[in-house]
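Student: So that we are looking at the same thing, I have put the structure below in structure tokens.
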Amino acid sequence: MSDRTSRAGGTPGDAPTDAAHHVASTTTPATAPLGGDVHGARAAASGGGAPDHRWAALGVLAAGLSMIVLDGTIVGVALPQIIGNLRLDLTEAQWVNSLYAVVFAASLLSFGRLGDRFGRRRLFLGGIAVFTMSSIVAGFAGSAGALIASRALQGIGGAMILPTTLSTVNAIFRGKERAAAFGVWGAVMSGMAAVGPLLGGVLTQYASWRWIFFVNIPFGLAIVATGLKFVPETRGERGTGGLDVLGALTSAAGFGLVVFGLIEAQDLGWWTPKQALHLGGFTWPAHAAVSAAPVAIALGALLLVVFYAVEQCRARRGRTGIMDFSLFGIGSFRWGNVAAAAVAVGEFALVFVLPMYLVMVLHETTLTSGVVLAAMALGAFVAGAQARHIAARLGAPRVVLLGLGLEVLGAAATAFVLSPTTSPWLVAACLVVYGIGLGLASAQLTSTVLLDVPTGRSGTGSAVQSTVRQVGSALGTALAGTALAAGLGERGFGADPATFSTAASWAIALSTAFLVLGFLAAMRVAAVASTVDRQAASTH
């Protein structure tokens, strides 16, 4: 068996010598100063010096990841109560719900590169601090402006946390342990998004909407304390040419505008304006020839083209940028990211559509709706825990295929069973199947995408995957919302139960089509892995 297969499937095997040397030279013990100590790092890597806290570090990183993933889905359930309490208008409510995702997506690439350069633990703990402090501001917010500003700060904190968790896991684990660690990371990433509505429903119903933010405070403090003790400091390739300020600005503005356009298109209109856009002192009128949403998407795409040109120019001059486009020359990285985007589209389309169906058609409570969605999380957590054992037999790419196949089956079954008289527990059963597939695919897709990425560039690779997931989640919400609105027609949420059920079915069917696309991309990943393994075997 080749070493590459060993790493992919989680079977025993020695880590590559060059990778081990790189970790030894870029990882410092958790007790070392933030600046890093190379000699202490080598001692720890060789078995001496500081004790091995890698699994404790994984627990800390997973806790930080849980906070930011939950925050992406927990607010939607509490939004009606927030609107009533703070007297938000429609535009303000939209910004409270969507600004977190916009700022998050816009900042990921920049912070991924900064983590490689200045230290991943440093950026992770800084992100936890920013996220916790902004949660305090959000919980005490007495006006729309304060709450919206705090959501923007939460997005910045989240963007500091997400890529550093993944790149740290990639740096400190090797062989079968890396597969297990990625399984935990993937299960948390996929499962906690479905837990958000349940937790939000419980806190809103039995306490107050403010507690969806206050709950982050004790967790944030605990994560900082344990992170200082257990999480080692790691760095990537320092690079040359100074900070890539122009690349950071164009990528942030480009991704931010694209995600904003995708999220807001269902309210502003995909082409013809449905309503005016008010942003600070600027107003895009409802009588304009074109909606603001497609203009934002087009402008964002143009800025991303400029970003690509900037990064290519820096590469030709031998200067390091925030994005290494040569990574897309790696087949597993390229096709794995396509599959990751498809998984995000499918998951967030379901999370967006099903709560409305359960409440407005089946007349279930917000809490019951959260319990039904938690069935998805249950399947994801159980499957994620078992993914590495299955991968040891089949290999990670085949586990991704199996997982995506189950996702397609679960989503298609969900779309098929929706009706005005469907039992919510039948929907939950379909979501368990979908969740099992999600847990298998997400757990191993993460390791597959980063499998051939050099450790020194794992921060950049992790940030790319995180950005792809974030854009995919926005696309899933936007497409599902558009399909739902088209099915409901002029009556909107006042449509009869049969019409609403049919519209929800079509919206989920559309997300299923994207999951099929992800399955095809995963087939390409498996083909690339098989080709590389055959080449490696022929050299032995």
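Cβ atoms here come from the backbone N, Cα and C positions, even for glycine.
As listed in TrEMBL for this protein:
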- 57-530: domain 'Major facilitator superfamily (MFS) profile' (DOMAIN)
- 1-46: region 'Disordered' (REGION)
- 55-83: transmembrane segment (TRANSMEM)
- 95-111: transmembrane segment (TRANSMEM)
- 155-173: transmembrane segment (TRANSMEM)
- 180-199: transmembrane segment (TRANSMEM)
- 211-231: transmembrane segment (TRANSMEM)
- 243-263: transmembrane segment (TRANSMEM)
- 338-360: transmembrane segment (TRANSMEM)
- 366-387: transmembrane segment (TRANSMEM)
- 399-419: transmembrane segment (TRANSMEM)
- 425-451: transmembrane segment (TRANSMEM)
- 471-488: transmembrane segment (TRANSMEM)
- 500-522: transmembrane segment (TRANSMEM)
Student: At a C-beta cut-off of under 8 Å, are there same-chain residues at least 6 beyond the transmembrane segment (55-83) that contact it? List them, or none.
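Tutor: For the transmembrane segment (55-83), the list is 30, 93, 96-97, 100-101, 104, 124, 127-128, 131, 147, 151, 154, 157-158, 161-162, 165, 168-169, 172-173, 181, 184-185, 188-189, 192-197, 199-201, 203-204, 208-209, 212, 216, 219-220, 222-223, 226-227, 230-232, 351, 355, 366, 370, 473.
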Student: Using a Cβ cut-off under 8 Å, which residues of the same chain at least 6 positions beyond either end of the transmembrane segment (95-111) come close to it?
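Tutor: Residues packing against the transmembrane segment (95-111) from afar: 68, 71-72, 75-76, 79, 82, 88, 123, 127, 144, 147-148, 151-152, 154-156, 158-160, 162-164, 248, 251-253, 255-256, 258-260, 263-264, 322-323, 460, 463-464, 466-467, 470-471, 473-474.
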Student: Which sequence positions outside the transmembrane segment (338-360), separated from its termini by at least 6 residues, show Cβ-Cβ distances below 8 Å to it?
Tutor: 73, 76-77, 190, 193-194, 196-197, 366, 368-370, 372-373, 376, 400, 404, 407, 411, 414, 418, 424, 427, 431, 434, 438, 441-442, 445, 449, 465, 468-477, 479-481, 484, 493, 500-501, 504, 507-508, 510-512, 514-515, 517-519, 521-522, 524-525
Student: Within the same chain, where does the transmembrane segment (180-199) have neighbours whose Cβ lies under 8 angstroms from its own Cβ atoms, ignoring anything closer than 6 residues to its ends? I mean 6 or more beyond.
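Tutor: Distant Cβ neighbours of the transmembrane segment (180-199) are 10, 54, 58, 61-62, 65-66, 69-74, 76-77, 165-166, 169, 173, 212, 215, 343, 347-348, 351, 355, 366-367, 369-371, 373-374, 376-378, 380-381, 383-385, 387-388, 435, 438-439, 441-447, 469.
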Student: Please indicate, using numbers and ranges, the residues of the same chain that are 6 or more beyond the transmembrane segment (399-419) and have a C-beta under 8 Å from a C-beta there.
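Tutor: For the transmembrane segment (399-419), the list is 339, 342-343, 346, 350, 354, 357, 383, 387, 390-391, 426-427, 430-445, 448, 498, 501, 504-506, 508-509, 511-512, 515-516, 518-519, 522-523, 525-526.
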Student: For the transmembrane segment (425-451), could you work out the same-chain residues 6 or more beyond its ends whose Cβ comes under 8 Å from its Cβ atoms?
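Tutor: Same-chain contacts beyond the ends: 4, 7-8, 166, 170, 178-179, 182-187, 189-191, 194, 332-333, 336-337, 339-340, 343, 347, 350, 354, 358, 371-373, 375-385, 387-388, 390-391, 396-397, 399-400, 402-411, 413-414, 417-418, 458, 461-462, 465, 518, 522, 525, 529.
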Student: Please give the sequence-distant neighbours of the transmembrane segment (471-488): residues at least 6 beyond its ends with Cβ less than 8 Å from one of its Cβ atoms.
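Tutor: Contacts with the transmembrane segment (471-488): 72, 101, 105, 255, 258-259, 262-263, 265-266, 270, 340-349, 352-353, 356, 495, 499-500, 502-504, 506-508, 510-511, 514.
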